[in-house]
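The domain 'EamA 1' annotation in Swiss-Prot covers 15-139. The domain 'EamA 2' feature in Swiss-Prot is assigned to 161-287. The annotation transmembrane segment is assigned in Swiss-Prot to 4-24, 41-61, 71-91, 95-115, 120-140, 146-166, 174-194, 214-234, 239-259, 267-287.
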Amino acid sequence: MNKILVIILFSLVSLTWGTTWIAMKIATETIPPFFATGMRFLVASPILIILAYFTKTPLLFPYGQRWFQLIISIFYFSIPFALMLYGGMYVSSSVASIIFSSMPVAVLTVSFLYLKKKLFLTQKIGMFISLITLLTILLIELESQCFFQWKGILALLFALFSHAFIYSECQKKCLNVSVITFNALPSLLSGILLSTTSWFIESPHINTFSNRSILAIFYLGDFSGIFGILSYFYLQQKVSAFYASTVFLIFPVIAGFLENYIYKNAILLCEIWFIFPLIIGILLTLIPVNYLKKIRNKITRLSCLLF
């Protein structure tokens, strides 16, 4: 029964994250990105607050860390998610999903450079392979479109590393709060901030919003924003971080298939070939530290016996 539940959760998370990128593109067809992101959070936050009420989960972070809750609202929710929708206007969903499939690599890179975390040789090799391969894929994509999407790619990369930085900060502070606490108030604050800002910089006209863009907002807010995140965190409780993180290798395939089906945009053949080393690099960074320590200890003991 537990294995069936894990398979269901893994499939749901992969499907949810894979369809998210198409939903973002559909949402921004008629709705400006900042306003779309703000409405997405305003749709999600009431449900999260209700869940917090019925599960008796606190809305505020522990005393002494509440200032960090505001930082999360801005640099994990407001700016990165707005940049995701903005970047999705210029970049194909398949390429955008490939960028975000590198999240484990981005987190490891930030941990290495910012937190001075010691990495195993395997992790360093995986990080190097992944970053070089991702850069190559993005350069191929830029050249194929005459550098039209450079703004979108920069926006997505900034969003990626902003998420990675906040995640690393959470590790540094040993932040241990409920997933509902982490999302509820920051979503509400981000929704208010982005919606208000949008009225001044984007001047959205509600009468021009299409029905499918509005439906995409509700999908992003309720299904993807709540159901997808809760499913992923529940999956992490059922399996190791390594197996849970392999979802980052699956959802770009779903995003690419859906984009080809809906928009008839196929990923370039040369980019497909570079995806394989990218997957290898990401897998190398995901190998559990305990497993690497066991291998290192075995090698150390073997070398002592030989010499």
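Just so you know, glycine gets a Cβ as well, placed from its N, Cα and C.
Same-chain residues lying 6+ beyond the ends of the transmembrane segment (4-24) with a Cβ under 8 Å from its Cβ atoms: 84-85, 88, 93-94, 96-97, 216, 219-220, 223-224, 227-228, 231-232, 234-235, 238-239, 244, 247, 250-255, 258-259, 262. Stretch with the largest number of CB pairs closer than 8 A to the transmembrane segment (174-194), among 41-61, 95-115, 120-140, 146-166, 214-234: 41-61. If you take every residue in the domain 'EamA 2' (161-287) and average the pLDDT, you get 86. The stretch in 41-61, 71-91, 95-115, 146-166 that contributes the largest number of Cβ pairs under 8 Å to the transmembrane segment (214-234) is 41-61.
With pairs at least 6 apart in sequence, the transmembrane segment (239-259) and the transmembrane segment (95-115) have 3 or more Cβ pairs within the 8 Å limit; the two touch. In the domain 'EamA 1' (15-139), helix, strand and coil residues by DSSP number 99 helix, 0 strand, 26 coil. Residues of the domain 'EamA 2' (161-287) grouped by DSSP class, helix first, strand second and coil last, total 105 helix, 0 strand, 22 coil.
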